[in-house]
Amino acid sequence: MLPAHSPFLGGTPTPTCRTSPTPRRRRPLSISSSSSPSDPLTTFGRVLWGRSLPPTPLISLARSSWSSAWHLMMRQLAPSTPSGSYSRPSSPFPSVPAHYLTSRPLHLHLYGAFPCPWAHRALLVRALRSLESLIPVSLVVPGRDGLWEFESPDYPGGCRTLRDVYALRPGGYDGRSTVPMLWDSELRDVVCNESYGIVEFFNALDSGGDDLAPDHLRRQIEHWNAIVYPKINNGVYRCGFAQSQEAYDAAASELFAAMDAIEEHLSSSRYLCGDTLTLADVCLFTTLIRFDLVYNVLFRCTKKKLVEYPNLHGYTRDIYQMPKVADTCHFGAIVDSYYGTLFPLNPSGIRPLLPDSASEAELLSKPHNRESLSSTRRDLLPQAA
């Protein structure tokens, strides 16, 4: 129990009974250098109301003002429906024009970022398809103002931010400057800034890597994409960016129902579509690799952690241990970006104590034993989650 004079209760010390009726002279309020807070706001507050809590009207005003400011920022950062559910904006450049498949030489440049799961898709498929020499890449990092920034200025026109690159296109650009973005360096124009459009294009290019969308698996890939994208990829954002309790409850329910269903499916299937790694797996992996570090904590996806799903976690380890995959996973950049730049979700900017990058990599490098799974059900299209 807190004492009656605890500042958390807003009370004052209970006077001690004395035998002498002589009143004590009240000492003037003084702020000594040894006990006073160093910041002026705390000192000012102590002068106004001592060690008690601020008055109720002030608390109510602060709560109302913060709530209004938070909703204003969230509506700009994460557009929502009238019910408060996050509605992801569509990409203005959703697919790569078909002529790029036959154009040679290609004058394409990929802009990506290690923290972003959507950009991670493109970086991962570029690596798996061995396109490093065909598609050069430039990486950006999140800036304090929310813009993607280059760490060095030696980019087109001396650009400082990715927005500056977008603005180089004919007619300029005033939309969201997102990653990944595929850029035509000869025409100085945006080719595509939709992640799935980019990975489909990368997969269609001639390369030395395995086909991640073979014709006989296309239907299954589409089936899984229809579950994974809205309920898991975007589902974690619908939880984190929900602006009402009802919106959060609906998103969290769909998220974990989908994860439960995939956990069951992976008990007898090495990957989503059987023995073959596909684009559907790439899309699921880039969310799972961030789940416990970010989404479980910051986005309130708290019902279960990924490590509590033995099949999903083993599946994640299986993909992580494939050649080139780990090189695309930068856990420090992921944690710093989400906790440091998503101000409305973490206004203090405090980074929670999480496993360091070496520990996370060590955990993901443990044996998965998924190559031993049977193929009994792999020719069957599973039911929708």
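Cβ from N, Cα, C; glycine included.
For reference, TrEMBL has these:
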REGION    1-40  region 'Disordered'
COMPBIAS  12-22  compositional bias 'Low complexity'
COMPBIAS  29-40  compositional bias 'Low complexity'
DOMAIN    214-348  domain 'GST C-terminal'
REGION    365-385  region 'Disordered'
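Taken through DSSP, the domain 'GST C-terminal' (214-348) splits into 92 helix, 2 strand, 41 coil. Taken together, the residues of the domain 'GST C-terminal' (214-348) have an average pLDDT of 97.
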